[in-house]
Amino acid sequence: MGTKKVNQFKDFVPTISDSEEDIPDLDASDDEYETAGKVKSRKKTKKGRKGGAVIADDEDAHADLNPEFHFNDEGAEGTTDFSGWDFVGDGERAEQKDVDLDGIIRRKGGLVQLAGVEESEEEVEEAESAAGASDDEELALDGFGMGAVAQREAAGAADESDSESDKDSDNSAEEAVELDGVEFGDEQEEAREEDTAEEMAQFYAPSNEGEEAKNVVHSTFNSLSLSRPVLKGLAALGYTKPSPIQGATIPIALLGKDVIAGAVTGSGKTAAFMIPIIERLLYKPAKIASTRVLVLTPTRELAIQVADVGKKLGKFVSGLTFGLAVGGLNLRQQEQALKLRPDIVIATPGRIIDHIRNSASFSVDSVEVLVIDEADRMLEDGFQDELNEIMSLIPSKRQTLLFSATMNSRIKQLISLSLKKPVRIMIDPPKQAANKLTQEFVRLRKREHLKPALLYHLLRKLDSTGQKRIVVFVARKEVAHRLRVILGLLGMKAGELHGSLTQEQRLQSVNNFKSLDVPVLVCTDLASRGLDIPKIEVVINYDMPKTYEIYLHRVGRTARAGREGKSVTLVGESTQERSIVKDAIKSVDGSKGSGRACGRVVDWKQVEEIHKLVQAKEDVIGEILEEEKQEKEILRAEMEIRKGENMLKFKEEINARPRRTWFQSESEKKNSSILQALSKNKKVTNSKKRKREEAQQEVGSRQYKKTQKDRTTNQELAFRKQKKGGNKKKKVRK
């Protein structure tokens, strides 16, 4: 009877008048269906014996419901408990045995208690009061005031402060004034050509399109004419009002036009391109599976984050599928997922080319939308070859969306993307930090050797309780690893994030930092772009970046989405580092926000005492690094043994696999890497010299330039003429 009933109601849509008890719940699990079947059979026997008593039972059951209960059909589930995006790759991870560095540090006496000099009772009380103030500020940020209450409390506390704090503030003000007046070396303009007005008018869409889009203010997402499933996804994430970049970009993207958009970090650029994509895919053919959207990102972590944003925004859209193609994760699992031809594929350039060339049943021939996140980074020389290859593989008739916080690429770079009259939308002035970011600078002068001790001192001052998330940026991965060991020996737990880690280790580091298991994350510029981890309070630049753009992306990890944040930068004496500080001060002076740039007062005596502790532990640091190296060698040897066993055991299957191909040969790879290295070491010229060189190129071959040999011969001739002239004068006098 049960199967008859299922077949009977399979092709019909039940109405309100139908009896729901007779219709089985096909979405329930097997266990639930068995228990439900027993209950229903009892009810049927009761119904057969007592015909009219069933109605009374139903009425009694409805009487137990609360008449004041209302369903929230806006899909607001998870609004209050939303804790950021998930950094988990697709598929189950294979268990890998890694070296337990924290265990080694504990065996050597680290990670027990915070080391340091003894502080007076007054300093401890000040630290506790500062911690309490920071807690109040965090509560204010989570409410509707978004930091306004905290600012008023801070203003009141500043008025009621004692004389000692006044002295400290005076010292910091003097330092800030001194910082403004410092000569940061000769101001060199970067070798960046500016597009002429004629070129821009010919390449871009009329400027009034972007200006009109920026001038329209949207108070809610309902005014953007979005469909109900998309609005439910936004409500589930707690999004109520579109940010300026979202309000300006979404209507134009929905029209199918190409877009080049730029806004400060943390302004919601990912949702700005993901919302119109999901809205467009609502009207796709239901029975034809094909990849219609390709999203390219420069880093793996950013790709995983973008995929999670898309899944959460489109969770109420039926039939919407996502695929992930990033390096470091299981290649076979990604192949299986891409065989199903997901609607949206988020990828890094190298891995997507690998899948296009070597994965069966996957193609990008039907791509309708191309999104390039962090476009200025993707247009640099490091990704140029891969990007050109991808452009040759996807259809030229498509919509292209470019997004970045420092979008200042020239038309020459954009031509390769085959853009069609793109609309240019720049919400904020280029090269500007977030409005509520406080930028502090510490001048090292001749104290470069004290940097590890200074970092530990700053971490203790900024967060003595370990309840804040602090990101430390360094230039090299070896430095990041060594700093993790040093901080561990001083009693502070820290994580690391750089390219030498496996992808599983990188994701684990991000998740530990996100859950506050590790309050300090020491990383390279790998984490400087796009990562959106909620409530990063402080960013410390241990090493200065190479350019001001990289500096903006680093400090953009904090003060996101209207929150307040702080960055502390250690500044050396090089001209390059001084010029970055000068650009930061100029940007703050020209902005209308509440951000500021100032110097930070440091107690160098305490730093020197901490430095003595670090020096005393140098032998232990060497022992830890050596022990870790030996354990890594053992793990590598075990892996090679397993690899050899698999080669012998599955020799036929391995040999039967087709060889994976690449679009470049080994010699071409070497040549491109050499060209990239030469371009990086290219000397920066100022604007006058560049214009002179351009004028000489337009004229053709430049005039002959004298060599050193020519100058010496000319000098000799001049001396001879002088001697001859002197002898003639003597003869005339005689």
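Each Cβ is built from the backbone N, Cα and C atoms, and glycine gets one as well.
Quantities reported herein were computed from a predicted structural model and do not represent experimental measurements.
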Swiss-Prot annotation (motif 'Q motif') - matching range among 219-247, 335-363, 422-450, 480-508: 219-247
Need the matching range: Swiss-Prot marks motif 'DEAD box' on one of 93-96, 373-376, 385-388, 693-696, and I'd like to know which. 373-376
Taking the center of the Cβ atoms of A263, V264, T265, G266, S267, G268, K269, T270 at the recorded ATP site, which other residues in this chain have a Cβ no more than 8 Å from that point? S243, I245, A272, A405, R560, A561
Chain-internal residues, separated by at least six, CB under 8 A from S267 (ATP binding site): S243, P244, I245, A405, I427, D428, A561
Any idea what DSSP makes of S267 (ATP binding site), helix, strand or coil? coil
In sequence order, which residues at least six apart in the same chain have a CB under 8 Å from the CB of A263 (ATP binding site)? S243, P244, I245, K269, A405, M426, I427, D428
The answer, for which of the binding-site residues T265, T270 has its Cβ ringed by the most other Cβ atoms inside 10 Å, is T265
What's the number of neighbouring CB atoms sitting within 10 A of the CB on K269 (ATP binding site)? 25
